[in-house]
């Protein structure tokens, strides 16, 4: 990379980029918060980086009618660019590749002619969040100002402690009104219903993590079309044979592998185009998550100050608290399942005695009730899982996310699928398995659509009316400016509207929903071929309803980087392997299949035969996965080009440095020779 005149070019362009204060992030304090706590955090935000602050711009508005204080946080172009440099944010370089941004080399990055718009709004908000969370408590900060009971540990993220202790009610980035309208028009409008999702615009606005989720959701939905088509074909045809379910099951198992491998290829393409493809970074060189706490010390690799927490303490918390609590929750899920079957047996007995229309509906009530209970228990457990994960005090965000994913998957797998395994392999009732699977899948999807699509649509209109009424009471709003002048009324109205929006909790629940649906579709595909059709129908509306919520219902989330879907890829692959075992076992238990075997064959030999068949299918799955490379050839070539160019640039820098040192050494020797001759 060229660095000549980079710094002077940066200074020259920066002199032209002095715009008025532009709020990017809003911090709302809980009503009645003590003034000392507000003033203390404002001072921390304004204080220089060298003094342990965030060095950001703050404007405060006090709304007396609600007894609330709202902070508008922004940053100068210079401050944000320096932070982007320190955070190694990747931007497109003049060679067309994404490189880590450098202030000294700013003129060689595309779009640097206007530095005010060089960073996207999402990137600016991401930087501000990073800088706010990086303000940590020192040994002298023992408690939050004005609240002695809220103790601070050395290394605590102060802004996170404000949030966890309820002093800060909300902290969110502002929407870009014009951009979100354009995105919504392309994403969820009915006239665009059949169009592809604008994945690149989603990524630009919401960040790579959310962009990657919607890319996966769309890819998975398209992958459901072939099994859904075959399921409908089976429904309308009269072909009844034991081979029918076997053929469909084998097709689904191979198709699931093709889908997962094809997704990895598509994911690697997106990751490269978004500048997220990179070598694995060593754990020690990564920054700790904001809520990680411990004794302040220096990172042995980077030398930067950060909290240090002994590994043995984390292990004690995991094995001494987390494992017993999760085990107890799994036991509760098991007994709820037994209660469901007890209730179902009672309903069947009532109907057998008196076959009326009323009693016929009673037969399906236990399944519907159980589906609702599953949803309630899942939500309750998720809160427990998050508390346990916070308690374990993981250093890295990736480690925190992976441990949370494992907890959620383990419980939801037991809670949602244990009853199906019970029916399939203990009761061995295929008719009951089919009806039970259909009831669980359809009921949960209907409940999900009502909760996620219809309810938000009803409330979004009410919110606008409420905000208009609030803004009419301007006389009740007193503004107190710390600096940068008064806030524009349009921005205040926008903040009042977005304050009433729901907070987006992240992609965790969305991935979990897809994971459970994937299990319903493929684990027992031989028993219920129509599962893929119902899943496809749900996902087509899910994409648009999720899009509507992201644009109109939820507060804008902070952008997060992601190069793939993380541990969820492994979770889906594990389910596809388990699906081979379950479907082979279901087919093996079919009475028609047993008739094909010799009458004197032993049970042990039957098991051996179907285990052998299972291994053959697993071998085919493995061969398919092996034959489909995870990364397209052109992406591999481009990554090798980037590595080669980086190596060449480093070599050129070393040669230039060596030449400079050689020149200095030569000048020094000439000087010594001249002095000697004198």
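Glycine too: its Cβ is placed from the backbone N, Cα and C atoms.
The feature transmembrane segment, as given by TrEMBL for the ranges 567-589, 636-658, sits at 567-589. Contact between the transmembrane segment (213-236) and the transmembrane segment (518-537) holds: at least three of their C-beta pairs are under 8 Å, each pair 6 or more apart in sequence.
Here the listed stretches are 242-263, 363-381, 404-425, 601-620, and the one with the most C-beta pairs under 8 angstroms to the transmembrane segment (518-537) is 242-263. Sequence-distant contacts of the transmembrane segment (567-589) (same chain, six or more residues past either end, CB-CB distance under 8 Å): 242, 245-246, 249, 252-253, 256-257, 260, 263-264, 401-402, 405-406, 409, 421, 424-425, 428, 430, 511, 515, 518-519, 522-527, 606, 609-610, 613-614, 617-618, 621. Here the transmembrane segment (242-263) has Cβ contacts under 8 Å with residues 216, 219-220, 223, 226-227, 230-231, 234, 521-522, 525-527, 529, 532, 569, 572-573, 576, 579-580, 583, 586-587, 590, 592-593, 617, 620-621, 624-625, 628, 630 of the same chain, all six or more residues outside its ends. Within the same chain, residues 250, 253-254, 577, 580-581, 584-585, 587-588, 594 sit at least 6 positions outside the transmembrane segment (601-620) and bring their C-beta atoms closer than 8 Å to a C-beta of that stretch.
Away from its own ends, the transmembrane segment (363-381) comes close to residues 329, 332-333, 336-337, 340, 343-344, 347-348, 351, 408, 411-412, 415-416, 419, 435-436, 439-440, 443-444, 447 of its chain (Cβ-Cβ under 8 Å, at least six residues beyond either end). Remote same-chain residues near the transmembrane segment (404-425) are listed as 322, 326, 329-330, 333-334, 336-337, 340-341, 370, 374, 377-378, 381-382, 385-386, 388-389, 432-433, 436-437, 440, 508, 511-512, 515-516, 519-520, 523-524, 527, 566-568, 571, 582, 585-586, 589 (criterion: CB distance under 8 Å, separation of at least six residues from the stretch ends).
Residues 366-367, 369-370, 373, 377, 381, 384-385, 388, 391-392, 407, 410-411, 414-415, 418-419, 422 of the same chain lie 6 or more positions beyond the ends of the transmembrane segment (318-343) yet place their CB under 8 Å from a CB of it.
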